[in-house]
């Protein structure tokens, strides 16, 4: 089977009818991906909406806990409610970004407009533009295993072989420098670095400006109503909890593997065995090899694809705990290619 039957320049994520014809990552094993049954590509928008509703219900519960603590006398119960609410909200915000990942691949709905609408919505709490994520991420799929490969999330994936180094990376907020730079570009009519399409430039700027306006609105509401709710339920959990939690979701995908010169998705991508709770939380990201194997398969079916290709998987961890333990102990390190360049 010809692995080059779709051009890299297309960078297709799918279309309104089917994701079966998307560009596929290189694989050196016998390739039968174009012959997958059609049921692998059936989208389930009702299931996706149920995941969105459940996630926002958990966030509402977290906000309620913080609000309860702010409006009652200080007691052990109110303190626990505040801490629990902040922790819950901070953990669900990165879960929403994993749902955003479905939207950028057009996995959630047949309508591109609906995918963008929901993608923008779920990216709000972590200020992560749907269109920017989509632009970068589709190129990541296209160029994985080549020198052109880059990731959307600019997390610090070096010097992790110690609890201190890992903690520094967990709390690293360098990503927001790029957010501020794009906002600056939006208000000065300058182009966004690394984005070559005019429509993508417009969409990305619009979304970041929308997020900025929502943030300003929350600040105005905080002053007008004299409340710490937004600060304690949104801003602080995003910076202190959500960024680090999402760093830990993203890191296992390719960390320590050759993503710059090994064009074989079965070697440069990792799968992790885990339980149902974690699988829900990462929204199927533990089966990341299967996702890269055929990015057109909606996340609701990627578990089935993972079972199909299980005999071919080459990089598998027994658990997330085992993976992080191996990283902190130094058994898994950033991959260093022949040029000496450190990659994730």
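For all residues, glycine too, the Cβ spot is worked out from N, Cα and C.
The compositional bias 'Polar residues' annotation in TrEMBL covers 1-21.
Residues or ranges marked as domain 'Fatty acid desaturase' by TrEMBL: 79-322.
Among the features that TrEMBL reports, region 'Disordered' is placed at 1-25.
Sequence-distant contacts of the transmembrane segment (45-66) (same chain, six or more residues past either end, CB-CB distance under 8 Å): 81-82, 84-89, 92-93, 95-96, 99, 102, 107-110, 114, 118, 122, 125, 229, 232-233, 237, 283, 300. Look at TrEMBL and you will find 45-66 (among others) tagged as transmembrane segment.
The transmembrane segment feature in TrEMBL is assigned to 72-93 (among others). Through the fold, the transmembrane segment (72-93) approaches residues 55, 58-59, 61-66, 125-126, 232-234, 236-238, 240-242, 245-246, 281 of its own chain, all at least 6 residues removed from its boundaries and within a Cβ separation under 8 Å.
Sequence-distant contacts of the transmembrane segment (208-225) (same chain, six or more residues past either end, CB-CB distance under 8 Å): 120, 123-124, 127, 129, 132, 179, 182-183, 186, 231, 234-235. TrEMBL lists 208-225 (among others) with the feature transmembrane segment.
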- Message: Suppose you look only at the domain 'Fatty acid desaturase' (79-322); what would the mean pLDDT be?
- Response: 95
